[in-house]
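Colleague: My questions will all concern the structure given below.
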């Protein structure tokens, strides 16, 4: 009887979805066939800007809502201004799309207008003749409640985890058979199955099994690893892929770094090279706050060995990097050989002569590795005191090696912070950032969308008194590009502009970068200057033509960017011949 009742549920209420991204509605009209256009995205309703809004776009809205066509495409908030986010701007439809979400636009929540420009439509009174009652959104909860009841089952599941009391659950084969992801369970011969899971994953097993019923599950920072592990073990490929995509989203949301380190260990244990590379990349861009966190002493040797060779590693200075390694070595168990391999990766030429001299007095590592430090210091002093053409001629140094190139140094010597927000927001973000991690970035009054600053021409001590002037600018509009003398196209905005008014040394080149900051403290992407401009990715993965940041920014927008100057010797320069 129970199985017959379950079957009737499936036959009467097909489908499992309620409101979805891209669903639309009309609001504030005098009748049902007119109103302000609102579209659903990520759990919220928002409006559409009237830039480029025309009858083809309005047709898409009206047809999706059951009307034959649109008679008017209205702008300037004809049905009153809306509230919440402006979801789409510069929409361009062909008229045949099923939703505005399928049309060309700037992307989700990327807009240059306010609610005074909300788009509206008037649809024809004629409908397609179809009137739909759709209660399918209730099915997911109904099926979930069937699992919660633990009644009328024909499959019994014993869940075991070391250190945990066994968990006894039951399921309904009929429901499981409708879900291909549950195949590993419903294909079991007999009426019972044993699930062996890690002890840490026992708390999420019930949610995992319920997902096979409701097709819905809440994934958090604390549960994503275990759900990914269970999905991988039991062939729930959609859940596995979803959790895999969430890793990049969740990594920046843990200022303690427990999650990135836990996921790195998980990736190493399971041989997941993509997740391992993702964790290493995030930790390299956020290396300095990692070294200042309580998690620093728990970082495994293999991870530090993966981080130190990277040029795109963000830290105040090379000296601070070496001090962090020194501190780590006193709080962890690492072999003499492992420590030597780590010190070999430190770029001694990027430290000034005075800093090199003081190492013998300030580092606990120095005495145990004195010969290595002396050799590396001599290499660095040659770099600082001998002109590049002489080094190339007599020493045969390969100046293209990473040891002679800077990393992403975030101190004021080599970088400047550019804001893209109001002064009030700047002050908030600055205070939040420096409460979490002290980088010594100086007074907040200096932080705005235009920055003039100076850096040495080159890290060599030979250039200590030779400064080069830079101007960095956040360019959100075509007007701002014209104001500051940049040539831009609307498709590339916003961008970061960088110019120099100083004479450039023909033996020196620059590989300058922009650190994209989310919430003022997490680096979620790094972009390169192509000529005088560096692209700014979108904060979220949208249907925009622009590339999203490698790690999504949950706030939906970036408010600060750190411009980093990276000089290097041009070894093929004619001045060196």
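From the backbone N, Cα and C atoms, a Cβ is placed for every residue, glycine too.
As annotated in Swiss-Prot:
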type	residues	note
DISULFID	49-113	disulfide bond
DISULFID	62-123	disulfide bond
DISULFID	93-103	disulfide bond
DOMAIN	24-124	domain 'SRCR'
DOMAIN	153-221	domain 'BTB'
DOMAIN	260-360	domain 'BACK'
CARBOHYD	69	N-linked glycosylation site
CARBOHYD	125	N-linked glycosylation site
CARBOHYD	362	N-linked glycosylation site
CARBOHYD	398	N-linked glycosylation site
CARBOHYD	543	N-linked glycosylation site
CARBOHYD	572	N-linked glycosylation site
SIGNAL	1-18	signal peptide
Colleague: Through the lens of DSSP with three states only, how would you label residue 362 (N-linked glycosylation site)?
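Modeller: Note: residue 362 (N-linked glycosylation site) is helical by DSSP.
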Colleague: What does DSSP call residue 62 (disulfide bond) in the simple three-state scheme?
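Modeller: Going by the DSSP assignment, residue 62 (disulfide bond) falls within a helical segment, counted as helix.
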Colleague: Out of the glycosylation sites 69, 125, 362, 398, give me the one sitting nearest to residue 113 (disulfide bond) by CA distance.
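Modeller: If we rank 69, 125, 362, 398 by Cα distance to residue 113 (disulfide bond), first place goes to 69.
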Colleague: Calculate the distance in Å between the alpha carbons (Cα) of residue 62 (disulfide bond) and residue 49 (disulfide bond), and round it to a whole number.
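Modeller: Rounded to a whole number, the Cα-Cα distance is 17 Å.
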Colleague: With DSSP as the reference, give the number of residues of the domain 'SRCR' (24-124) in helix, strand and coil.
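Modeller: The composition, in the requested order, is 16 helix, 34 strand, 51 coil.
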Colleague: Considering the disulfide-bonded residues 49, 113, which residue's Cβ sits among the greatest number of other Cβ atoms within 10 Å?
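Modeller: The residue with the most neighbouring Cβ atoms within 10 Å is 49.
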Colleague: Here the glycosylation sites are 69, 398; which one has the lowest number of other Cβ atoms no more than 10 Å from its Cβ?
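Modeller: Output over glycosylation sites 69, 398: least Cβ neighbours within 10 Å is 398.
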Colleague: Which of the recorded positions 69, 123, 125 has its Cα closest in space to the Cα of residue 49 (disulfide bond)?
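Modeller: It is 123, whose Cα lies nearest.
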Colleague: Using DSSP and three states only, what is residue 125 (N-linked glycosylation site)?
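Modeller: The three-state answer is coil.
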Colleague: Would you mind splitting the domain 'BTB' (153-221) into helix, strand and coil residue counts from DSSP?
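Modeller: Going by DSSP assignments, the domain 'BTB' (153-221) contains 28 helix, 16 strand, 25 coil.
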Colleague: Quick one: of the recorded positions 93, 123, 362, which has its CA closest to the CA of residue 69 (N-linked glycosylation site)?
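Modeller: That would be 123, nearest by Cα distance.
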Colleague: Any idea what DSSP makes of residue 398 (N-linked glycosylation site), helix, strand or coil?
Modeller: coil
